[in-house]
Amino acid sequence: MVQLAKVPILGNDIIHVGYNIHDHLVETIIKHCPSSTYVICNDTNLSKVPYYQQLVLEFKASLPEGSRLLTYVVKPGETSKSRETKAQLEDYLLVEGCTRDTVMIAIGGGVIGDMIGFVASTFMRGVRVVQVPTSLLAMVDSSIGGKTAIDTPLGKNFIGAFWQPKFVLVDIKWLETLAKREFINGMAEVIKTACIWNADEFTRLESNASLFLNVVNGAKNVKVTNQLTNEIDEISNTDIEAMLDHTYKLVLESIKVKAEVVSSDERESSLRNLLNFGHSIGHAYEAILTPQALHGECVSIGMVKEAELSRYFGILSPTQVARLSKILVAYGLPVSPDEKWFKELTLHKKTPLDILLKKMSIDKKNEGSKKKVVILESIGKCYGDSAQFVSDEDLRFILTDETLVYPFKDIPADQQKVVIPPGSKSISNRALIIAALGEGQCKIKNLLHSDDTKHMLTAVHELKGATISWEDNGETVVVEGHGGSTLSACADPLYLGNAGTASRFLTSLAALVNSTPSQKYIVLTGNARMQQRPIAPLVDSLRANGTKIEYLNNEGSLPIKVYTDSVFKGGRIELAATVSSQYVSSILMCAPYAEEPVTLALVGGKPISKLYVDMTIKMMEKFGINVETSTTEPYTYYIPKGHYINPSEYVIESDASSATYPLAFAAMTGTTVTVPNIGFESLQGDARFARDVLKPMGCKITQTATSTTVSGPPVGTLKPLKHVDMEPMTDAFLTACVVAAISHDSDPNSANTTTIEGIANQRVKECNRILAMATELAKFGVKTTELPDGIQVHGLNSIKDLKVPSDSSGPVGVCTYDDHRVAMSFSLLAGMVNSQNERDEVANPVRILERHCTGKTWPGWWDVLHSELGAKLDGAEPLECTSKKNSKKSVVIIGMRAAGKTTISKWCASALGYKLVDLDELFEQQHNNQSVKQFVVENGWEKFREEETRIFKEVIQNYGDDGYVFSTGGGIVESAESRKALKDFASSGGYVLHLHRDIEETIVFLQSDPSRPAYVEEIREVWNRREEWYKECSNFSFFAPHCSAEAEFQALRRSFSKYIATITGVREIEIPSGRSAFVCLTFDDLTEQTENLTPICYGCEAVEVRVDHLANYSADFVSKQLSILRKATDSIPIIFTVRTKKQGGNFPDEEFKTLRELYDIALKNGVEFLDLELTLPTDIQYEVINKRGNTKIIGSHHDFQGLYSWDDAEWENRFNQALTLDVDVVKFVGTAVNFEDNLRLEHFRDTHKNKPLIAVNMTSKGSISRVLNNVLTPVTSDLLPNSAAPGQLTVAQINKMYTSMGGIEPKELFVVGKPIGHSRSPILHNTGYEILGLPHKFDKFETESAQLVKEKLLDGNKNFGGAAVTIPLKLDIMQYMDELTDAAKVIGAVNTVIPLGNKKFKGDNTDWLGIRNALINNGVPEYVGHTAGLVIGAGGTSRAALYALHSLGCKKIFIINRTTSKLKPLIESLPSEFNIIGIESTKSIEEIKEHVGVAVSCVPADKPLDDELLSKLERFLVKGAHAAFAPTLLEAAYKPSVTPVMTISQDKYQWHVVPGSQMLVHQGVAQFEKWTGFKAPFKAIFDAVTKE
């Protein structure tokens, strides 16, 4: 056990730290703070902790006579830290008669400590307070120093006071019940205090990180009996005693630092703001990412950013930054907002640069507008005694991954700099492998601290190859080698990022690893690019030598599985080394540990980069193994058996490849740079770059055995290099390229060409570097020629010819391809652009993307370029990549034959305005029109699959972002390579849509189709095999049932068009803002309910599918139910709900696997809303939230048992949880035990308005809550077998009750005009009012006078609710409108008057909506961009028709009329973007190339067509044959029901015709919805209007 420690602060030993010190806590408070009243304050979460209960009971038992103990419990969470809670507590204290001798005892985390401390500072002008912190963060930070505060709506901690506690009693035992994430969160402050003040403690923290994380990750939830209430509570439990010493020390040491700083600067005038290290930037991130991200997580990111800022200023060494980053990761904290797990946790929120800087401007350390940041000098020490001023320019650079490089204008020609690059990556990685295999201790100095070596160190540690520690404040790594004897297989895959060197070296090392009882193999893996880079030659050699290795994905690349029960035999090993010398070095280094001496023969041609092989051999010699080169056989080496003996110290030479950048800077800017630790004796081939490349180009070179100095010629006088073989220094070719770009001859006939060869291996590095250089140099205006093993760079005649990379839309970035060498090379060329312009001339900077990729070999490169070499840099908000700016992600449709892919692909292309490509047809085009069937007969299925995969990968690469629909063959998923390509496309944001239907229907169809190649097996077997593949490859799914009638076919098309528009974001899912409802279905199968589904949904904005009520949960069954519902209800938005038993439903509580599958079905089916229970496991919740796409999430919580009143903390906690999850809608359902529960609910509703909230009470006593709920009220229907919850009402019942309460005012509405005796408007609207229970009345007001309408209705009827305007008043009424909609203005007529209140009216026109919606309802897509439109007639209705066709996306609209002279004035009166073409002659129609697929007839219907007009019409009707959908004509007249135009269109030209009655009803329904705000019961209205 640990000892009780007392830490002084402000001269008093008031901070007590120990473990299990409840006795001491009670005794200290009662003895040293005598009082008549003690008040323990905590939140409801702490009340569940047994240790708290024990403490309260003990405190009560120990009270002296005359004293009392009060307890006050608040709701948990930051929302309790408010003025309201403070006032409630103060009122409680007053009511209880508390006086000035009261002692407040704050037991809890930071929220409790801050708020109770503030109450104590103001109550009775100040009473005593004792802090008992229970979270790690509170123990080491908020409880110490006397800062107290509450939050306001405008910001956190804005109102508070300094009020020092009488005691801070820190009991480590509280941490046993701290949640894992909160525990890790607190470590950020612990690491921070060590970082700024205590280097020894920082080192101790480093060495105990794995212990900490193992214990914290082992926390379990346990059920406990509450000693105060006897209820069963569930709490987290961590085995603190397993790391008690470490935890005690980390808490104590962190407290000591804060106490010392506070004692020196209580009121935070200078020194105390050092405690804000990481907070300036961290708080800015927290302001954006709250509540998803915790304080410590944001401070962790802030510390790394602020440390990088210090490194940027040249103050902090790169090693120290690497140490800080490493320890934060080791304790489970984020170091970047872009980490995958952290992005998922914060729900992919963006952190815009301007917002971060704005948030940073609100910081107490700032002075006015000047920002201040704490700068670190080294681990354990800050720079100066307080925060330092920092410019926005420097902050922008640090906060972004895109850097702006300004012209190198202000760099003096006589500048001389000394630059020491980081240690060589090549030597660092070799040294770590050899020292780990060696025996004894080796201190490695100048090790490169980069991503590559970090992965290598991690791997050596995980494989137990050596014991690794650090000295010299982390600058020296100490490797205690075990001679290879302890190498053991690890269970987790070794992730190597994009570290090619590490991956190759570790592949051979893996052959030496021993199995453990539980682990017989290891897995090496990496990022996406690493999984493309070659490793096959090395694997082939090791396999041939007895090591069993499997590829887990792509043949020839990582990931690989190396079996550790096989052995590395030795003997003769043959290896192809023409691609990478690292294969050779990998085997060389491990060869001494083979069972036999090794003869390594390099075969297949001249090995690449032989100098690196020589480097390896020389290093092995330093560690005691001598490699002999064969004198009889070329490229062959003899390696004896043996063990490396580690030298006591090994100093790693600086990286010669990295050294080329500062040396090239000198060459290009005419300055001088010295690299003091690389000379001609270097082991590295790139050391000759200065001598062999820069010297012939005109530079002065001074090179000794250990140093290199380059002085560049005057700017602009570098000479091209006619030819250079860079095979000995291939990595340096990129640097040579950018130097060559500004090199030119004085000879006017010269092409200024520099030719570089010997670099073929650079095509398979981090990227294809040769292609990358050619592509990016072109952006600067520099031409190149790619060679088989090199590149030619055609230098510019003048540096002034260099261009800022840009395209037609403006500047673009230089892509770095996640390649450190590409980034560093172009950072030099970027600074030369405009560098020779006049000094006062404004010069645009060059943008470099992904600057952090330099972390692979030189994390501090940008710091050197800025601080040492004098470059001006800035940061910038990322541009939308040019490729993404206009990106229209393509759609790939997969599925079995006969699933409807061909038809639905056409619908998809039409709906989205995309181009359609059938891959089977493309296959035939590429194979001389040979059919798939013929090709399979001649070449077999395997060859066909290869070709199919090739074609698919090509089209995705070339057109994946360009708006295509690709219809694939049914068997595309048979190929593993195709499956990977499909999944990759889906993960990159593409749409892979699995189209499926009932397998029985598919079988029947396929057995009767002779045009397709025969299956070699039963269709059902094929489906059984492919079903899972289709699911895993697709990110969306659509069930397309067989259609037996045209009406079904049209309904399916509408359903699909809305579906594809929803999943692609073309159709936005809107959450209703006004009164709205959704109906809860309770059927177990919708198949037999299709007729009822439409009336069931009357008046509703959405329909809930209670999946837990369905007959079964199979994917096919559930998808079919969704399809039936969409077709039957014309795609009313679906709420997908799986209600668990404990939340009042039927779904088993613990069936999480099935639940996940159901949610996956929902999201793939693009449901508009998904109900997510807030009681589900967190991992399921985050999985759904991060995969939601365009689906809106309803976070729900139900209290069926009536356990919680609406003022209980449960609801507040759940609401905060919903905010943290960032759900779109919150749904809370309580149980009304009495009427007052409804009043409490309304108070809750009124105080929780920051998210749309559905809040209702169940039972008949809660009915009023359903009436008062505003958004998406759950309702039932008389047509349902039962309601989904007790007390549910129908829409009509709710409206009637709401009317009786004064919520809906009865309105009088009219149709106005003359004659209106036969008007169907009253029947239309009154039918809707009756069905929905609305109190309104619609009547006729017959008049020819607009003036009379104004006097009697607009001005004279106080209950006036709106008017439908017909002839002759559509123009006359406009003068009395205060506003006109765009439609009314353009159409030039008003058919709808909408009251705005205060005697103001808006004029609208819904005729165009009647036309548009009638067309869409009859199979016309919502977007018809590839089809022209036609309007027949030029009267008043034609204007609405033209407006409607334009809204559908018709790029061109033709218009014909009996009197052609009327066309021109009509066209001129409408917007030019309508692109209306008036047709004057029949002949001109023949020249029209467009397909015409949609038409509106606006001519009188009661007489025959004029012959000339009929002739024009018929010529247009012919053009409907090739439309992308069934050509459709709408008749605007509704009497007679069949007109001459309809007859000729349908009977002679097979156009689909829509009668005028549909337009009439659709325009009336649009009016209904505008006047009432309710969704109209369309079918019932249509039947009523048309029943005559």
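Glycine residues also receive a Cβ, built from the backbone N, Cα and C atoms like all the rest.
Computed from a predicted structure; not experimentally measured.
Under DSSP, Glu268 (active site, proton acceptor) is assigned to coil, being neither helix nor strand in the three-state scheme. Under the heading active site, proton acceptor, Swiss-Prot lists Glu268 (among others), citing sequence analysis as support.
DSSP classifies His283 (active site, proton acceptor) as helix under the three-state reduction. Per Swiss-Prot, the feature active site, proton acceptor maps to His283 (among others); the stated evidence is sequence analysis.
Counted within 10 Å of its Cβ, the other Cβ atoms near Cys853 (active site, for EPSP synthase activity) come to 22, all protein chains included. What Swiss-Prot lists as active site, for EPSP synthase activity is Cys853.
Annotation comment: Swiss-Prot describes His1198 (among others) as active site, proton acceptor, evidence class sequence analysis. The secondary structure of His1198 (active site, proton acceptor), as reduced to three states from DSSP, is extended strand. A simple way to gauge crowding: the CB of His1198 (active site, proton acceptor) has 21 other CB atoms within 10 angstroms, across all the protein chains here.
Residues near Lys1227 (active site, schiff-base intermediate with substrate) in space but far in sequence (CB under 8 A, at least 6 apart, same chain), listed by position: Asp1171, Ile1194, Gly1195, Ser1196, His1197, Leu1253, Ile1254, Ala1255, Leu1272. In this structure, Lys1227 (active site, schiff-base intermediate with substrate) is part of a beta strand by DSSP. According to Swiss-Prot, the active site, schiff-base intermediate with substrate annotation covers Lys1227, on the basis of sequence analysis.
For Glu78 (NAD(+) binding site), other Cβ atoms within 10 Å of its Cβ number 15. Summarising the annotation, Swiss-Prot assigns NAD(+) binding site to 43-45, 78-81, 109-111, Asp114, 134-135, Lys156, 174-177, Asn185.
Taken from Swiss-Prot, the feature 7-phospho-2-dehydro-3-deoxy-D-arabino-heptonate binding site covers Arg125, Asp141, Lys147, Asn157, 189-192, Lys258, 272-276, His279, His295, Lys364, and the record attributes it to sequence analysis. DSSP classifies Glu189 (Zn(2+) binding site) as helix under the three-state reduction.
Per Swiss-Prot, the feature Zn(2+) binding site maps to Glu189, His279, His295; the stated evidence is sequence analysis. In the three-state DSSP scheme, His295 (7-phospho-2-dehydro-3-deoxy-D-arabino-heptonate binding site) falls into the helix class.
What Swiss-Prot lists as ATP binding site is Gly895, Met896, Arg897, Ala898, Ala899, Gly900, Lys901, Thr902. Long-range C-beta contacts of Lys901 (ATP binding site), restricted to its own chain and to partners at least six residues apart, with a cutoff below 8 Å, comprise Ile893, Ile894, Gly895, Ser967, Thr968, Gly970, Leu995.
Across all of the region 'EPSP synthase' (405-871), the predicted model scores a mean pLDDT of 93. According to Swiss-Prot, the feature region 'EPSP synthase' maps to 405-871.
Residues or ranges marked as region 'Shikimate kinase' in Swiss-Prot: 890-1080.
Among the features that Swiss-Prot reports, region '3-dehydroquinase' is placed at 1081-1293.
According to Swiss-Prot, the feature region 'Shikimate dehydrogenase' maps to 1306-1588.
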For Val111 (NAD(+) binding site), nearby residues of its own chain (Cβ under 8 Å, 6 or more apart in sequence): Asp43, Pro76, Gly77, Glu78, Ser80, Lys81
Other residues, Cβ within 8 Å of Gly895, Met896, Arg897, Ala898, Ala899, Gly900, Lys901, Thr902 Cβ centroid (ATP site): Gly970, Leu995, Arg997, Thr1002
Spatially closest candidate among Ser135, Asn157, Met896, Ala898, Gly900, the listed binding-site residues, to Glu189 (Zn(2+) binding site) (Cα to Cα): Ser135
Local Cβ density at Lys81 (NAD(+) binding site) - other Cβ atoms counted within 10 Å: 24
Under 8 Å by Cβ from His283 (active site, proton acceptor), same chain, sequence gap 6 or more: Cys298, Gly302, Lys359, Met360, Asp363
Densest Cβ neighbourhood among Arg125, His279, His295, Arg897 (binding-site residues), 10 Å radius: His279
Entry from the recorded positions list Asp43, Glu189, Glu268 having the most other CB atoms no farther than 10 A: Glu189
Secondary structure of Asp43 (NAD(+) binding site) (DSSP, helix/strand/coil): strand
Cα-nearest neighbour of Thr902 (ATP binding site) within the listed recorded positions, Arg125, Leu175, Leu275, His279, Cys853: Cys853
Which of Gly895, Gly900, the listed binding-site residues, has fewest other Cβ atoms within 10 Å: Gly900
DSSP-derived structure type at Arg125 (7-phospho-2-dehydro-3-deoxy-D-arabino-heptonate binding site), helix or strand or else coil: helix
Under 8 Å by Cβ from Leu175 (NAD(+) binding site), same chain, sequence gap 6 or more: Thr134, Ser135, Leu136, Met139, Phe183, Thr238, Ile240, Thr247
Residues close to Zn(2+) site centre defined by Glu189, His279, His295, Cβ within 8 Å: Leu137, Asp141, Ala188, Lys192, Gly278, Gly282, His283, Gly296, Cys298, Val299
